[in-house]
Amino acid sequence: MRGVSCLQVLLLLVLGAAGTQGRKSAACGQPRMSSRIVGGRDGRDGEWPWQASIQHRGAHVCGGSLIAPQWVLTAAHCFPRRALPAEYRVRLGALRLGSTSPRTLSVPVRRVLLPPDYSEDGARGDLALLQLRRPVPLSARVQPVCLPVPGARPPPGTPCRVTGWGSLRPGVPLPEWRPLQGVRVPLLDSRTCDGLYHVGADVPQAERIVLPGSLCAGYPQGHKDACQGDSGGPLTCLQSGSWVLVGVVSWGKGCALPNRPGVYTSVATYSPWIQARVSF
């Protein structure tokens with residue numbers, strides 16, 4: 001489902017049961033429709049209310065996540081160097097991109113902020129903060145996801161969800177009538193993931209392919225993954241009853257290939273940078 005190489009509320013810090021506290025409000029990370037996605041299945045209305053579609057001149061280019069009423073987090077590589085914020089809009093509250101509804105929102109982007117360590121090859125700092133032209137009203141279909149505490153990361157094996165409107169497989173785009181897709185993927189140890197990417201690659205073992213600031217999720221045998229069009233979208237994990245934005249879809253080799261799990265930008269690594277700029 002990966003792109004080409006995806007009102008005011010008071011948010012409080014609360015302690016999580018396992019020490020994975022995050023920036024939360026009464027609404028963040030708690031959809032009114034409970035998730036039933038186990039692997040590669042259709043989403044339901046209001047199931048992932050933070051899911052955003054980043055659109056360039058009306059066309060979907062990447063996914064994103066609402067983290068505050070006026071802020072969306074996505075991937076930096078979704079924005080070419082000379083891209084103008086005024087050419088982009090963020091669509092929220094949608095289940096299918098091919099249909100319109102008065103319950104969905106389409107908001108212009110005011111500005112795009114990139115981390116200071118972002119590299120254009122996407123290897124580092126592949127995040128973009130989008131400030132919307134105006135705050136959006138929150139509802140059952142539009143809610144923010146929770147942010148992780150700086151440096152906190154769930155352990156390997158934690159089951160998480162990646163969602164998006166990206167391709168079903170390489171070269172097979174999601175039909176416009178199909179709803180938002182989601183798949184369950186476990187977090188992988190970073191060294192294990194880096195080792196998998198060295199399999200069949202002409203890269204010395206001592207040279208890191210998956211760099212610090214990234215994390216991996218998926219299966220060594222493949223089968224389940226993000227794909228073209230999902231870049232910038234959310235990798236969320238359920239922690240203490242709330243969904244937390246653990247990763248942002250960044251890059252991978254193909255889609256769901258063996259030894260090539262999805263690579264995500266670690267949101268916890270950049271939480272201080274995010275929180276210093278976002279008005280919650």
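Using N, Cα and C of the backbone, Cβ positions are placed for all residues, glycine too.
The signal peptide annotation in Swiss-Prot covers 1-22 and is backed by sequence analysis.
Summarising the annotation, Swiss-Prot assigns domain 'Peptidase S1' to 37-279.
Per Swiss-Prot, disulfide bond is recorded for CYS62-CYS78 (among others). When Cβ atoms from all protein chains are considered, those within 10 Å of CYS62 (disulfide bond) total 30, not counting its own.
Annotation note: HIS77 (active site, charge relay system) sits in a helical segment as assigned by DSSP. Within 10 Å of the C-beta of HIS77 (active site, charge relay system) we count 26 further C-beta atoms, all protein chains included. For HIS77 (among others), the entry in Swiss-Prot reads active site, charge relay system.
Over all protein chains present, the Cβ of ASP126 (active site, charge relay system) has 31 other Cβ atoms lying within 10 Å. Sequence annotations record features per position, and here Swiss-Prot assigns active site, charge relay system to ASP126 (among others).
Taking Cβ-Cβ distances under 8 Å and a sequence separation of 6 or more, the neighbours of CYS160 (disulfide bond) in its chain are PRO154, ARG184, VAL185, PRO186, LEU187, ALA217, LEU235, THR236, CYS237, VAL246, GLY247. Annotated disulfide bond per Swiss-Prot: CYS160-CYS237 (among others), in sequence order, evidence recorded as sequence analysis.
Within 10 Å of the C-beta atom of CYS193 (disulfide bond) sit 24 other C-beta atoms, taking all shown protein chains into account. Annotation comment: Swiss-Prot describes CYS193-CYS216 (among others) as disulfide bond, evidence class sequence analysis.
Summarising the annotation, Swiss-Prot assigns disulfide bond to CYS227-CYS255 (among others) and lists sequence analysis as the type of evidence. CYS255 (disulfide bond) falls within neither a helix nor a strand when secondary structure is assigned with DSSP, and so counts as coil.
When secondary structure is read from DSSP and collapsed to three states, SER231 (active site, charge relay system) falls in the coil class. According to Swiss-Prot, the active site, charge relay system annotation covers SER231 (among others), on the basis of similarity to another entry.
Residue density at CYS237 (disulfide bond): 22 other Cβ atoms are found within 10 A of its Cβ, drawing on all protein chains shown. Among the disulfide-bonded residues CYS78, CYS216, CYS227, the residue whose Cβ has the fewest other Cβ atoms within 10 Å is CYS78.
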